Amino acid sequence: MSKGHSDHPSAGESWHLYKRIFGFIKPYWRLGVLAIVCMVLAAAGQAAFAWIIQPLVDGTFIEQDPGARLWVPATLVGIFLFHGVTTFASDYTVAWVGRRVVKDVRQAVFEQYLRLPTSYFDKNSPGTLLAKLTYNVNQISAAASKAVVVLVRDTFTVIFLLAYMTYLSGWLVMIVFGLGPLVAVVVTAANKRFRKLSRRMQASVGEYAQIAEDGIRGQAEVKIFGGQRYEAERFDRTNTRHHRQLMRYKAVQAASQPLAQLGAVIALAIILYLATMDVILETISPGGMISFIAAMLLMLPPLKRVIGVNAEIQKALAAGESVFEVLDAPPEPDHGQRPLERARGLIEFDRVAFRYPESEDWVLRDINLSIQPGETVALVGRSGSGKTTLASLLPRFYDPQRGEIRLDGHPLAEYRLQALRSQMSLVNQQVVLFNDSLANNIAYGLSERPTAAQLQAAARAANALEFIEELPEGFDTVIGENGVMLSGGQRQRIAIARALLKDAPILILDEATSALDSESEKRIQEALEKLMRGRTTLVIAHRLSTIEDADRIVVLDAGRVVETGTHRELLDHNGHYASLHRVQFNGPS
């Protein structure tokens, strides 16, 4: 368990989190100073309400001073206006800064997600990552807005009221301070509990968000396999756990405030009792006594908020820990400096071995493979043989633990990631499309927007132009989340068009035609054959009929290269490839 995850963080750790949270406020420090000034003035206006009571009682009702009858009401109106204006100014300014902080933190977290290695996403579910981006970041807003308002305005309100009460009767104020240790004990105990429960609540938000995402995204599978009851019960368990954590949090919050207020009420009761004693009546006027009691009553609500804000602060600090874990996570290693305009396409795997993080099983073992520029190499093998993993090492989604991969004679790590990946186009087995127009999906990632003719050429080559032109908006049609408005074959063809338009010298085709019907597949294969000329192409396919014309076929088994050759050579060899071929075309013997 990391240091930042201890249930009882030290004051130093909390202060470090405060500094990091308020570091996001630094760009807006001028507005922050303005807000603080307005909050202090609003606090002074609040204290002025207690002050005006003494001349109101003594001057207007007891002494019946004609002048007091004029200036006291006018001053009361002025105090109200002053307090209202300063309160509005502080609340609006703090809200603006707080929302800007949320925007900046959320942007920083999202950009960090884009920089993190693939292994990070293997270990963290999308629901958890989305919860950090939305729920946890919003909790930080409490420290940047509501907590600041309470800690500054309400704290200064208490200070000003205490100062005025001391001016009226220092002896009575000592009674109020006498019960201060009780309040401190309650607040300290509540702080530890708040932080612990806040972490648990935020973790449960990620859990039920993930379950909800699974149920919504996989709704077809849920329905066809009758999993509605199972998913509902799974969500109910997590939702109930979150509810319990929330109610425990609310119980601590509800108990801590009355206990702390009890001390203040006891002090008020003692003061009311002492107010009837002659020794007190000789030192303070009736208006002063009423003003003192009014000041104490006015002090209770801000005191309650100051005590209650600890819950928000601890919640924000717990959220801050979670968010800063993301921001502190090491990004993909990218230390290369070698320029790369356009690769020739010579790829070499030199004794490469790889296993996934936190796994002891080697997925790839001692891979030696050289792919010449412009050569089409197909990777085949049983499921789990390492085909897709081998291809994922080329764009450095992962780095091998042993051996070296070279492009044009230089190790991949010598190139900047952006330069390296700009040389590759990928059509993955799991097609990813964005909730945007077809044109933007096909042109995704290009530095310059392609012309309409270029878009049409790419779509035509991918056998997609015909169905695109039949859509009401054509290339401007928004296709929904992950292309939900398109069929599986259409989505695959859009992904191929995207790869065609990028025109990279290296192609990675992972099950690139697996979702196409026979006629479309034939036409796509023709287009891909034209595209692959002069380009280094790595094809991963389970269906051996799609790679019979490859320049070379590499057969993987248990993470090792066991055979290599052309389709005819491997059939004549009567080894692993021939066995796979017989299973696919003749059925198991």
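For all residues, glycine too, the Cβ spot is worked out from N, Cα and C.
Taken from Swiss-Prot, the feature domain 'ABC transmembrane type-1' applies to 33-315. Annotated transmembrane segment per Swiss-Prot: 33-53, 70-90, 148-168, 170-190, 262-282, 283-303, in sequence order. Annotation comment: Swiss-Prot describes 347-583 as domain 'ABC transporter'. The ATP binding site annotation in Swiss-Prot covers Gly381, Arg382, Ser383, Gly384, Ser385, Gly386, Lys387, Thr388.
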Cβ-Cβ under 8 Å with the transmembrane segment (33-53): same-chain residues at least 6 beyond its ends
72, 75-76, 79, 82-83, 86-87, 89-90, 93-94, 97, 148-149, 152-157, 159-161, 163-164, 287, 290-291, 294-295, 298, 302
Near ATP: residues not in Gly381, Arg382, Ser383, Gly384, Ser385, Gly386, Lys387, Thr388 with Cβ within 8 Å of the site Cβ centroid are Thr389, Leu556
Identify which of the binding-site residues Arg382, Lys387 has its Cβ surrounded by the largest number of other Cβ atoms within 10 Å, counting every protein chain shown.
Lys387
Counting Cβ neighbours within 10 Å across all chains shown, tell me which of the binding-site residues Ser383, Ser385, Thr388 comes out on top.
Ser385
Mean pLDDT, the domain 'ABC transporter' (347-583)?
88
Give the number of CB atoms, excluding that of Gly384 (ATP binding site) itself, located within 10 Å of its CB.
13
